[in-house]
Amino acid sequence: MGKNVVVLGTQWGDEGKGKIVDLLTEQAKYVVRYQGGHNAGHTLVINGDKTVLHLIPSGILRDNVKCIIGNGVVVAPDALLKEINMLKERGVPVEERLLISEACPLILPFHCALDIAREKARGNKAIGTTGRGIGPAYEDKVSRRGLRIGDLFNAELFATKLAEVMKYHNFMLTEYYKVEAVDYQKTLDDALAIADYLKSMCTDVTELLDTARKAGEPIMFEGAQGTLLDIDHGTYPFVTSSNTTAGGVATGSGFGPRHLDYVLGIMKAYTTRVGAGPFPTELSCEIGDYIGHKGQEFGATTGRKRRPGWLDAVAMRRAVQINSVSGFCLTKLDVLDGLEEVKICVGYQYPDGTVETVTPLAAEGYEEVTPVYETMPGWSDITFGATSIEQLPAAAIAYIKRIEELLETPIDIISTGPDRNETMILVNPFN
């Protein structure tokens, strides 16, 4: 029987999930996105050719894989169409490989307008959203006024529902935020123009996945963002609007949680964060600049500069607990090449001198803590492109072993570069 594997980020996103998903899809029949929207950015490099995906699952470049967008994903029709056309121009037969749940909430222009207006109104207290309407679309879903892809298939009813929700949101835009209203007729026409095309790719995702499971076909679930951005378990309120953790698989795809076999946590050899929010191990110094420059730490979605820092084992322990991580994939080890020493945060010290090895439950709690570091020797040898443990310097191996000890979880895959072949698979999640 085929295994069902979850691949998700265990930090604040940008861990290198896209490459690993693409690599492992060689053994999967289905790749499923179950949360988030086009605020995610997954970068694939195949034979030096770079592809950045935001909404479509990373398995789309494989001809043996069906890609699924589950009900937990918020879909902006214009962004989806743009991504499809980009792939089709490169010869990828997207319509043959992509299936979508008609229960996906729609992101419409007024969601983006609200997102931007809110961030502007917050001033220096801005959360750091991508401005793509993700949060407002999830709000509409939870408040039960949101429109879904399936609503597009009844034009008359969709027009009525759209008028109701736009009346509400345009009032907020004009009266509270003092910005222009979004045009109803244009929003309606643009949405209905893509309705038939979307309908051709829609399916009952729950039924499809359960049928695949019973047939023994391996399924991969691709997470977006990272554990520390989870709406419930992340550094709230500096989080995304969906469940980025393993629990989101069941709610965002309709696949029963008892049928998941392995959870692969993706973790950088250091830490980055993009946008606002607490970050205890942040390096606002020359070493941070070195890591950020060498690691090319710029967001795939927004191009924003990421904030670099040392690996935070305290936060990673929380990620292991929340996701029941089976094993880790350690990425960007090569970025640490050349440093005289490397550090791992092993505790948080509070003003009264106490040291804790668990994370605070609210963002404000992070303001009090000072990271307690364990310092290890760095290495001058190059790890970039290494394909076996034997090729790694002793200090790098010691660093890996120490991470495993601190997290009580094995590192099953090591990535030493952006290309598919620059990877060591020590334990294959699908075996």
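From the backbone N, Cα and C atoms, a Cβ is placed for every residue, glycine too.
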Site-mate of Asp14, Glu15, Gly16, Lys17, Asn39, Ala40, Gly41, His42, Thr130, Arg144, Thr240, Arg304 for IMP in Swiss-Prot, selected among Gln185, Gln225, Gln321: Gln225
Around the Cβ of Gly16 (GTP binding site), the count of other Cβ atoms that are within 10 Å: 20
Around the Cβ of His42 (active site, proton donor), the count of other Cβ atoms that are within 10 Å: 25
C-alpha spacing of Lys19 (GTP binding site) relative to Thr130 (IMP binding site), in angstrom: 22
Among Gly13, Gly303, which are binding-site residues, the residue with the most C-beta atoms within 10 angstroms of its C-beta: Gly13
Inter-residue C-alpha distance, Lys305 (substrate binding site) and Thr43 (GTP binding site) (nearest angstrom): 16
Asn39 (IMP binding site) versus Thr416 (GTP binding site) - Cα distance in angstrom: 26
